[in-house]
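Participant: Handing you this structure, nothing more for now.
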Amino acid sequence: MKTIVCFLTILILVSSCESKNKKVVIIPGPKGERPDIKVVEGPSTVEDDFCYDCVRRCMVKGVGFYFRSCKGFVCRCYYPFMGGYGP
């Protein structure tokens, strides 16, 4: 019964946070105890969205462009040299 209640609680938290762009972080507890559940909202979700858009832009640039990195809101794509390997 405890497992079902715990599962339904996690399911409700995840579904309610999906519409608000929040993340649910589940931290495993010690053996035999329930895990901690934390709802995180902040710049990490904004940066994740930016990096997702970055990957899409690299793919749209043209055939052969690949995603390289996304750090500090800087999107980097690269075009591989002859031989198929990038820098």
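Cβ atoms here come from the backbone N, Cα and C positions, even for glycine.
So Swiss-Prot has the following annotated:
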- 1-19: signal peptide (SIGNAL)
- C51-C70: disulfide bond (DISULFID)
- C54-C75: disulfide bond (DISULFID)
- C58-C77: disulfide bond (DISULFID)
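Help me picture these features in the structure, burial and contacts included.
Facilitator: Non-local neighbourhood of C51 (disulfide bond): C70, C75, each in the same chain, at least six residues away, with C-beta under 8 Å from its C-beta. According to DSSP, C51 (disulfide bond) sits within a helical segment.
Within the same chain, residues at least 6 positions away in sequence whose Cβ sits under 8 Å from that of C54 (disulfide bond) are F67, C70, C75, C77.
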Participant: Around C77 (disulfide bond), how many other C-beta atoms are within 10 angstroms of its C-beta?
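Facilitator: That number is 19.
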Participant: Would you identify which of the disulfide-bonded residues C70, C75 has the most other C-beta atoms lying within 10 angstroms of its C-beta?
Facilitator: C70
Participant: Enumerate same-chain residues with a sequence separation of six or more from C58 (disulfide bond) and a Cβ-Cβ distance below 8 A; give 'none' if the list is empty.
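Facilitator: In sequence order, the residues whose Cβ lies under 8 Å from that of C58 (disulfide bond) (at least 6 apart) are F65, Y66, F67, R68, C75, C77.
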